[in-house]
Each structure stands twice: as C-alpha cells, then as structure tokens.
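Engineer: Positions annotated as repeat 'PPR' by TrEMBL: 87-121, 157-187, 188-222, 289-323, 359-389, 390-424, 460-490, 491-525, 561-591, 592-626.
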Amino acid sequence: MTMRQPIPATRRLSLLLGPNVVAEKLWLEFFSDPSQWWDHSIEKVSSRYPDFKHKKTQKALWILDKRNPPWVDAKLAAMAPGTVQLSIFSWNAILAKYVKAGQYEKTMELFHQLQQKGIVLNRSSFVPVLKACASLFALEEGKKIHSQVVESGCEPDVYVGSTLVHMYAKCGSIEDARNVFDRMPTRDVVTWNAMIRGYAKCGQGWEALKLFRQMQDEGMQPDSVTFMGLLNACASVAALDEGKYVHKQIIEGGLEGDVFLGSSLVDMYAKCGSIKDACSVFNKMHTRDVVAWSAMILGYLKCGQGQKALEIYQQMQHEAVQPDTITFIGVINACASVMALEEGRRVHEQIKQCGSEWNIFVASSLVDMYAKCGSIEDAWKLFNSMATHDVVSWNAMILGFVKCGKAQKALDLFREMQREGVQPVAVTFIGVLNACSDLRALEEGRRIHTQVVQSGCESDSFVSNSLVDMYSKCGSIEDAQRVFEMMPTHDVVSWNAMILGYVRCGKGRRALELYQQMQSEGVDPDHVTFVRVVNACASIMALNEGRRIHEQIVQNGFESDVIVGNSLVDMYAKCGNMETAQSVFQRMPTHNVFAWNAMILGYFKCGQGKIALEVYQQMQQEGVQPDSVTFVGVLNACASVMALEEGRRIHERIIQSGCESDAFVRKSLKDMYAKCGSIHNVHKLSNRIPK
C-alpha cells in the first residue's frame, strides 16, 4: 500500500486560510525582522526563484506574487537603505506593475524614492515612469526625466525613444515628440504609431498622413494600431478620400475583421459626412462594440438625421449593448435636435439607472436637451441639482432662457456665472447678446461688447454677427456699422443683420444699397436676405427694385419659401400692385395668417374694401385663425364700404378671440361703428373698455 505524502504545513495553512491570507502573514513576519530572511533579490536570474527565504523555516516570498497585499511594495520602498537590497530587476517590475494597474501617482512616488536611495536606474526604469507621466499629462515632470534619460545614455534605445515620443505627444507637446522622433537612429512600428497618433490627437491630421507616406517609403509595415491612428487623423480633418485609401489598405492587409478597426472606420466615415459608407461598414461587422454604435449615432446626428440616430440607439438596446457616456451624450443631443422631449425623459431615466447622471458632460447635455425641447423647468431643476457647473451647462441654461422668452433671466444667470469664476466663451456671448437684443438693452449690450473685446472673442464671426444684430435691433445703427466695418470678412449672416438694421430704422434705400454691395463682394443671398430686401422695397414703395429682386428670388429657387412668399405679397400690396400680389399669393403652396393679412390690408388700401372682406371669408373657410392685424384690416374694410352687419359679426368674433382689449383693434371698432353711423355702439364700446 502506497503511503500518502504528508501535506507541508505551509500548504495546509494555505488551504485552510486561503493564499492571500498566508501571503499577508508571511510578509508581516518578514517586516517584523528582515534579518531572519535570506535576501536573494539581487542575484536572482529568474522570476521563478524567490526573492526572500526564511533562514529556518525555508518559507519563500516573491515580490511580484499576485497574492501579495497591496501595501507590500510601499513598505519595501520605505525600508532604510541596506536593510533590503532589491535588484533593479525587482524595482523595475514593481514600477511596471503600478503602471499596468493604473496607479500612476504611486509609480512617480516610487521612482523618486529610488532616486533618493541612489539606486542606478536603467532603460526599464524610465519606460514605466514616462508612461505614468503621459497618463498624468505631467509634461514638466516628463521633461526632467527625459534629461535623466539623456544623461544615462538610454535615449537612442528604440523602446525608450518610442515611450518619449508617446509621452510628449499625449501631453500635447507635438514639437518635442517630433524632435525625439527625428533624432532616433532606428524606429520600430511602435515609434511611428506614437508619432502618427500624436499628430491625429492634436488635430494635425494632414501631418499624420504625410508621416504615414514617409513610413511606407522607408519600408516599415503598418499594423492595426497604425491604421487606427490614420483613421483618427482622417476623421479629424474630414479627409474622406484618404480615409478610403486607408480602408483599402486595411482590406489588403486582411485586417477588416478587427472589431476596433471596424469601429474606427465607422467613426471616420461618419465624421467625414459619408453616412452611407459608415452604414456599409457597420452592417458588415460580425460583432459591434459600443464604440461602433456610438459612432453611428453621432454620425446620423452630424448629418442632421436625429430621428435615425434615435432608431439606431433603440436597435442597440435591442441587441443588449450597454451604452457608455459617449452614447448617452449622442442620443441626448439627438433628442434635442428633433425636440423629442418624452424620448429624452426616457433616456434620462436610463442614465439614472446606469449611475451616469452626475457625469458633468452627460448632465450638461441633459440640461441643453430640456432647454431646447422647451421644458425650461426641467432644465433649471437639473441645473440646480448639479454639484458643479462647466461652461457648457451655463451656456445651455442661458440659451434656454433666451429661447423661451426669459431674456432678463438669461442676463441674471450670466452675471451669476461670472461671480462663480466661470469664464464665458463665444457661445455664452452669443446667448447674452441675443438676450440684450430681445430686451432692447443697449447699455447692457455695450458692457458685454467690452467683455467680448477683453476675452478675444471679437474675432469670432458668430459673435461679431451677434453684436451687429444686437446694435441694429437696439436702434444703434452707427454702432452696428462700426462693428461690421471692423470685421475681416462678412458672411451672409452679417450682411443680413446690417440690412435688417437699416430696414428697422426706416432707411430702406440704404438697405438696398447694402444688398448691392453684398452682391458685388460675391456673397450669395439666402432666403433671409430676400425677405429683408423685399421688406426694404415695401418700406419705400420701391416697386421696380422689388420686381428685380423678385426675379432673383425665382432664379435662386426661393419663391416657394412661405416666408419669402409672404414678403412678396406684402411688398406688392403695399406698392399698390394687387394683381401681382394675388398672382404670388395663388402660387404659394400654403398660406399663413401673415399672407392673408397682407392681402386683406392691400385690398383695403387700394380702396377695394369689398374684396378685402371676401378674402377674409375665404381665410375663414380655409380654417386659418385671424389675429389682431386681421381684425384691424377687416374692420377698416367694413368702415370703407359701410358694412355694419358684417362689422357686428366680426366684433363677436373679436370678443371670442380675446382681442377686444387690443388698442389698435379697439380703435378700429370705434372707427367702424362711427363711420357706419352706429354712435350708440361707439359709446357702449367706450364705456365697457377703459382707456
């Protein structure tokens, strides 16, 4: 009968207590009296040999044992010099372990302790520390370590050099990265990848693509990491043709099945605006990670297809793929783009369940979504519940208040934002300048203009356009003209703002001159321009200029635009050309109350009150609700043709609509009754409605 060998005591203890507990007990024993242990850490030639061995019990300890408690490394580093002399191999292994675990601060602490102990470091010491600097974005610390690398003679080493390139690129110092790269006598694919990805990260996509061509010329074969960097570079500069070339090389290299490359391809095509190609790659992927789904959502959003982005998100949920922060931000913005408030609320609930609500980027996107969907109360409630606010969340609330007609609240919030030390950006200034425009707050607008200049945002074309618009709407056309003239370039928005300003202040002729100047500078008008110059023609009864502009409108394909059509009807009516006004009106695909009003007022002014009343009857038959301007027009028409009974019926409709208290409607009612000889009704109306 074979005798079973007895289990060693250490093994029995390990089975009883568990390996982690045993390791902790042994380390506690070691640190209580290190002199009782043999130190083999200096001379060991293989990781299989123990670092320490008890002189009596022969119990063994390994520094890199996964079962070790987390406090062991720090305890070893803090021991007095001479107590334990670990080999540089062991110290480097500990540094690498810290970096791999994401403990970058601990890596730096241990590195400095080793230097203080006078331990001579080698290339394997510098690599993990430089990686830690890259992850901490510690550029200055990285530069100091670079100096030590040079002093130690390690810089030509391809491994250390690649790590230096990576560190500088990740810290945003692309020039230093290129200097290291150019000095390296030899480069491997890792070095090229670090440089290419560095250029892509800092927005220099064309430099990344140029470097790739150099890489190919030198005979270096790209790998999947190279292609990911190149795709990011193409995405950053919207280089679609170059992206397709990279895609072709990925196929030729047999790497198309790589899930990460697939996601990067989807992202590249989406950011380059080729949603069709993005969709093609996405549909061919055997497995799709959250990056691919998020790229599709953001791609559809960028192309203005918010509803399609929401459909992709629903499909993603159906396939049980867990969304991440980027996904949530994309789908929230999609909800905002299509005003899908209820869908946005459902997504908000999912975000709460995932614990992502307090991510500041997600929370800011939610505030923006609620504000854009018109639920300013939800936006305000969420904003107030946030622990901290970034400039995005402040901007979302300010723009939200402006949009819902609470311009004063927007300005109050702007002041609070500044008191909390948050610096406004271009979007902030656009929001508060629009608030000033709504309030006609000229002096407040001037103060904000001063801040715009101090912040350096005046060169932003959108901010400058907002300044021109604010000054023109506040009646200070001289200030608007000054800002306009200081702008280096003028886009259609700035021309439109100036034209509107001159129309508003009754200078229709100057508005038309500006329109001619705009055309001579090669800026194409849009539908807003045409609306404003047609209004300018109406304001000065410039029928011939109006006809020429009408021809341009037809040539540019804007005649079917409802707002442009309204302006044309109004212009012809005010110029007394009711025949052309009627012709334009009949060609319009739809008629809103503005178009009907223009026709009614036009016929009345031309002395055709009866036709004006017929137009009003037709308007009612088509189910268009009249407003106070409509009532003023038809009451004047009744007065002109002495249509008392029709006037009384219209009066009843006015009472039902709640417009009787409108000052212009009230005056028109009195005039109608007076001209129709019903003085009793004039007195009755005067007694019922206070002045």
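From the backbone N, Cα and C atoms, a Cβ is placed for every residue, glycine too.
As the structure is a computational prediction, the values presented were derived from the model and not from experiment.
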Engineer: Other than its close neighbours in sequence, what residues sit by the repeat 'PPR' (491-525), given a CB gap under 8 Å and a spacing of at least six beyond its ends?
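Structural biologist: Distal contacts: 461-462, 464-465, 468-469, 471-473, 475, 477, 480-481, 484, 532-533, 535-540, 542, 545, 552, 556.
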Engineer: Under an 8 Å Cβ to Cβ limit, what residues of the same chain, 6 or more beyond the ends of the repeat 'PPR' (157-187), are close to it?
Structural biologist: 123, 126-127, 130-131, 133-135, 137-139, 142-143, 146, 149, 194-195, 197-199, 201-202, 204, 220
Engineer: Do any residues of this chain, six or more beyond the ends of the repeat 'PPR' (359-389), have a C-beta under 8 angstroms from a C-beta of it, and if so which?
Structural biologist: 325, 328-329, 332-333, 335-337, 339-341, 344, 348, 351, 395-397, 399-401, 403-404, 406, 417, 420, 422
Engineer: For a three-state summary based on DSSP, what are the helix, strand and coil counts in the repeat 'PPR' (491-525)?
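Structural biologist: For that range the per-state counts are 26 helix, 0 strand, 9 coil.
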